[in-house]
């Protein structure tokens with residue numbers, strides 16, 4: 001009987017049975033189509049599902065740390081020469097300034113001082129500080145972001161806050177290397193006949209020893225607060241922009257994979273916007289870290305003497321009587337891009353007073369003084385951020401593939 005029933009299903013003598021079954025099969029499908037929300041609701045549901053999948057596919061911390069360290073260091077090394085141009089423009093102690101436009105500054109340094117000692121001066125401390133700092137940054141960023149999202153905090157707030165916390169974790173490693181890098185960038189080659197910065201270190205090690213001996217070990221942390229003032233909002237804005245732009249790109253592409261062009265665009269635009277917005281804080285940070293220490297012993301002869309290219313002024317050792325005086329008062333220019341206080345009526349500035357520094361620069365140099373070096377900084381942060389974040393995502397995928405291959409074996 002069972003076989004008879006089965007034969008009736010496939011018998012050509014019962015065509016109405018097949019038509020009716022086909023209609024019944026189509027009916028649930030049509031009902032399901034009618035019950036589906038409109039296209040907008042479908043897209044929202046799909047995006048929500050993709051976001052959940054994206055958050056679930058979290059890389060191991062070691063992968064995030066290594067990918068961030070390699071990506072950040074590569075970006076910093078790639079753009080180090082342009083960072084040197086920015087530092088020269090912001091910290092030029094000549095009046096009127098020797099360096100003006102970005103292209104002219106780049107060409108002048110390259111022609112007069114060369115590549116390794118000129119445009120790539122200070123690259124050794126930059127390399128060490130960049131790798132260690134970005135490793136600490138990305139490890140802390142991933143931890144903080146996951147912790148806040150898991151506790152129900154909105155993703156945009158989580159990204160912004162995680163960027164702040166990550167920079168706090170990276171700063172103790174990053175700031176000393178930044179002091180060494182910035183001074184060596186401003187100095188250029190040893191016994192530089194083309195530019196008198198007030199420093200004349202033979203090497204990175206000599207710079208560290210000289211600073212610790214003549215100014216104290218704490219001098220390696222000059223501008224610590226100013227660096228935090230610059231880097232905390234920069235990192236927070238950068239990653240807030242980046243994460244939000246990637247979400248928009250995913251919605252546009254309809255997939256978690258947005259492709260290399262959009263990866264580059266989102267990363268570069270996020271870094272560039274954050275870099276331009278925080279330029280005034282970068283100007284104050286650079287001047288605090290590169291300015292000469294104040295002395296109470298008649299600075300008039302040294303300050304009134306013209307800055308000759310053949311001058312070999314070194315970072316002199318302050319006397320013990322100077323050490324007893326308040327060491328936190330350091331000079332900052334109030335009349336030019338100079339980093340050294342001139343004798344004619346300029347005021348002193350507490351190194352921790354970033355707000356006062358901004359006010360002094362704005363009062364004496366105008367709004368463009370606060371944005372000195374904005375061109376190279378905008379380009380530098382765009383390219384560096386694009387390189388770092390694209391490499392970060394690429395390396396995370398590579399590490400994941402290798403892990404899956406190892407598991408499969």
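Glycine residues also receive a Cβ, built from the backbone N, Cα and C atoms like all the rest.
Note: TrEMBL annotation is automatic and uncurated.
Residues 287-345 are the range that TrEMBL records as region 'Disordered', among 287-345, 346-404. Checked against TrEMBL, the range among 1-38, 39-76 recorded as region 'Disordered' is 1-38. Per DSSP, the secondary structure of the repeat 'Solcar' (59-147) breaks down as 72 helix, 0 strand, 17 coil. Sorting the repeat 'Solcar' (154-248) by DSSP state (H, G, I as helix; E, B as strand; all else coil) yields 74 helix, 0 strand, 21 coil.
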